[in-house]
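Features of the protein shown, as given by TrEMBL:
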- B:86-296: domain 'ABC transmembrane type-1' (DOMAIN)
- B:29-54: transmembrane segment (TRANSMEM)
- B:61-78: transmembrane segment (TRANSMEM)
- B:84-107: transmembrane segment (TRANSMEM)
- B:119-140: transmembrane segment (TRANSMEM)
- B:169-190: transmembrane segment (TRANSMEM)
- B:234-254: transmembrane segment (TRANSMEM)
- B:274-296: transmembrane segment (TRANSMEM)
Amino acid sequence: MSATLTGSTTTKRDRDMQPAVKLNRPKGRFNLPGGAAGWLWLAIIIIPIYYIVITSLKTQAGYFSQNPLAFPAKPTLENYKMVIEADFTRYFFNSVIITVGAVIPTLIVAFMASFAIVRGNGKFLKGVNALFLMGLAIPLQATIIPVYLMIIKMNLYDSLLAIILPSVAFAIPLSVLIMCNFIRDVPNELFESMRLDGCSEWQTMWRLALPLTKPAIVTVGIYNGLGVWNGFLLPLILTQSPELRVLPLGLWTFQGEFSVNIPAVLASVVLSTLPVLALYILGRRQLLSGLTAGFSK
Amino acid sequence: MSTNNLTTSPLRRQRQKAVEASKGKTGQLAWLAVPALIFFIVFAIIPLAGVFLLSFTTWDGIGAISVAGIANWLSVFTDPGMYHALWLTFVVMILSWIIQTPISLLLGTFTAGSQKYRALLAVLYFLPLLLSSAAIAIAYKALLDPNFGLAAGLHLPFLAQDWLGNPNLALGVVIFVIAWQFVPFHTLIYQGGVRQIPRSIYEAAEIDGAGRVKQFFFITVPQLKYTIITSSTLMTVGSLTYFDLIFVLTNGGPGNATRILPLDMYLTGFRANLMGPASVTAVVLVVIGLVMALVLQRLGGKDRTGSQLEGM
C-alpha cells in the first residue's frame, strides 16, 4: 500500500514514530505437553547440576564410597581450597583482563561505526555495513590458522593481548548490527533538534545517541563478555604460559593433572562459574536479554 | 486506503527529505567507522583471505612457509578421514536441529506463559547458559562415569555404559551434551518470539473454537516463522564451531568417532602440525557456513527488512 508508493525507507521511518509494541504474554494458559516437557527438562537440567555441586563438597573417600547422588556425609570445602591454591585466582584475573579488555573497545568502536552507518550516507559506509553483515555468516573460528600466524608475526604470541585483539574483531559484526537497529529507532526529530541547537555530529553521538542506545550497549556487552569469558579456542591456540591461562583453559589443564580427584575437578567447575552465577542472580533479566543479543526481537 | 495514501505520502516525502538533509556529511561521519573497520579487516578479512592462501602452502606452524600448489587439496580430498569428518559434521548438525528445535519450541512456548511456577522453572532452565563449554564437558565426563556417575546414583544399570569409550555411543553423548548446552539458548529465543505474538490472534481463534493444540500448530508455529529461521541459522552455523566441547569431552575419539570438521581442523593443524591441510578444512568450513546461511535466508523469503539477521 503506502509502502509500495513511497518506498521501504518511509515505512521504516514510520515504524520509528510508533510507540514500541507492547509485550503480549499469553496469560494463564494450561499447556499439558508443555508442562510435561517442562518438568522432564527440569530434571535433565537440575540432576547434573546437583551432582556437580554435591560431588564438589565430598572427600575423595566419600566420592568412592557414597551413593553418587547422596548428600555428602561430611561436607568439606577442602576441594575448593585446593583449587584456589592451584593458581585459580590468577586465571580469574586473566579472564577478567581479557573480558574487560575485549568488551570495552568492542563497544566503543562498534558504537561509533553504528552511528556512522545509521546517520551517514554514501558508498563507503554502505560497503562497511555490507562487510559486517557478511561477517555474520562466516564461522570466524575457521580463520584461526592465519590469526595464529599473524599474532606470531606481530610478536604478540603468548600474551593476553593476543586473545583480546581477535576477540574484538570477531565481536564487531553482531555488535554493529544490534546497535544499528537501536540507533535507527531513535526518532529523527531528536537528531534534528540537536542539529538546530548547533551541535556537531560528534556531540550528537555522545550526548544523544549514546544515552538512548544504552540498553543495546548493555546487551551487546553482556553477550560479548560471556563469549570471551567462556572462550576456549583463542586462549588455547594463542597462549602457552601457565601464568597466562584463563579460567576455561585453567579448568582443562587442572582436569588433566588431577583427573583422579573428581571432587576437586568439579569444585574447579563450580568456582569458574561462580562469577557468572553472581551476575545471573543480580541481573537475570539483563543477562538473559544480553545472551540472546536481541535475536528474539 | 488509497485516499489516505494520497494525503500522507507527500508529508512522508517531506519528512524523508528532512531526514536526508539532517544527516551529516559522509566525510565527517565515515571516519567513525574506521576503527571498527580496521579491527575487522586485520583480524577477520585478512585471515579469511589468508586461510585460502595458506591452503596452497606447506607449514608446520613454526618454521618457514613454502608453496605447495594444490597438493594439500588433493591430499585432503583423497583422504577418507575428510569425508568421515564431513559426514559426522552433518550428522551432528542435523540431529542437533531435529532434537533441539521441537524441545526449544515447546519450552519456549511453555515459559512464555505468565504463571509464577513457569517463571521459576525458567530461571533454572537457563543455568547451563552460564557454564563454559569446557566446564560442561568436564562435568559430563564425571557424570557419565559408569561406577561413580549418574548411573550408579539413579540405580539405573542401563545407564552404566562406557559412554565415551564406545564409538557407537560417544557421538550420541556429544549430541546430547550439545543439546543440554544449547536448548536453553534457543528456548530463550522462542520465549521472546512467543511473547511478541499478539494476544488477539489467540482470542480470535478461541472464538472460532480452535483448541490449544490447534492454536499451537496453526498460530504459534506459523507466527514464529522468522524466529524458527533465526534459531535454525544459529544452530546450523553454530554447529560448525562446536570445537571446545568435543575437544574436552572426547578429543575426537574413541578413534575418530566424534572428530567433526572444526576439531579435525585443530587436530590436523595444531597437533599434527599440518597447517596446509588444516587450512583446506577451514576453507571448507567457511564455504559450508556461507551456503547454509544463504539457504536458510532464502527459506525465510526476502521480506525480512527489519530482521535481526538481515544479510546473513
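Using the three backbone atoms N, Cα and C, a Cβ is placed for every residue, glycine included.
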Subject >> Maximum Cβ pairs under 8 Å to the transmembrane segment (B:84-107) - stretch from the list B:29-54, B:119-140, B:169-190 >> reply: B:169-190
**OP:** Mark yes when the transmembrane segment (B:119-140) and the transmembrane segment (B:234-254) have three or more Cβ pairs under 8 Å (sequence separation 6 or more) and no when they do not.
**Re:** yes
Original post:
the transmembrane segment (B:29-54): which same-chain residues, six or more beyond its ends, come within Cβ distance under 8 Å?
Top reply: 65, 275-276, 279, 282-283, 286
